[in-house]
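Participant: Got a structure for you, written out below as structure tokens; questions coming shortly.
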């Protein structure tokens, strides 16, 4: 079973190496094999820790063996995260500065010590010190790495929650063509023509009523009054219906105009 676990670690390492070379940094021209090894080792031990969680659930291996591999994986990952990765980043930064090229190892150590100082001071505001554990214990390092990890995960989650819809929103939008915009603009023009036509009818009806004297010169006599009332009532009902149609068409024209503007903005 131990040989199978070691074989899985080798497979995880190989998969991490291929993922780094073929997918993550396929256009990576500067060949830094230390970076590839660190990434592959971190990937392999991270997958091994996930594997140990599954073994714990299924009851695979002895408890003492699982505990040993768990502590071994934690020690290796902490060694990489706290010591190797920061030191190599500092060394790589110093190597790109010509003035510090001769003493790049010394300045890399200075940068790493500066990182360790702030890394250790990070735990002061948090109640992570315990009298049961020493200063250089695994718990002290895990607690500080956990604080940084949770903070980074929160930042990345917030960024992903905003960036992912913004990036993939185009896949959920319909494809806007020039024909769609022209068809909608044609509908808008037709609606505007209908509004103008109906408003002309209303204006002509008002002028006709004014010329017939239905507004200012009302007819005298009993039958004339009855005729005037019935005619004015019928005319006012027609005008009110036309005005309602005009109001509905104006609302439709506003909606069509907004939709046309959205299509132009989407395109």
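Quick reminder: no glycine exception, Cβ is built from N, Cα and C everywhere.
Taken from TrEMBL, the feature domain 'Golgi pH regulator conserved' covers 137-202. Per TrEMBL, transmembrane segment is recorded for 6-25, 37-58, 70-93, 105-122, 142-164.
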Participant: Excluding the flanking five residues on each side, which residues at least 6 beyond the ends of the transmembrane segment (37-58) place their CB within less than 8 Å of a CB in that stretch?
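Facilitator: Beyond its ends, the transmembrane segment (37-58) has Cβ neighbours at 5, 8-10, 12-17, 19-20, 24, 66, 69-70, 73-74, 76-77, 80-81, 84-85, 88.
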Participant: Can you work out which residues elsewhere in the same chain, 6+ from the ends of the transmembrane segment (6-25), have a Cβ less than 8 Å from its Cβ atoms?
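Facilitator: Non-local partners: 36, 39-45, 47-48, 51.
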Participant: Go through the chain and flag residues at least 6 beyond the ends of the transmembrane segment (70-93) whose CB is under 8 A from any CB in it; none is fine as an answer.
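Facilitator: Beyond its ends, the transmembrane segment (70-93) has Cβ neighbours at 32, 34-35, 38, 41-42, 45-46, 48-49, 52, 104-105, 107-112, 115-116, 119, 138, 141-142, 145.
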Participant: For the domain 'Golgi pH regulator conserved' (137-202), what is the mean per-residue pLDDT, to the nearest integer?
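Facilitator: A mean pLDDT of 86 is what the model gives the domain 'Golgi pH regulator conserved' (137-202).
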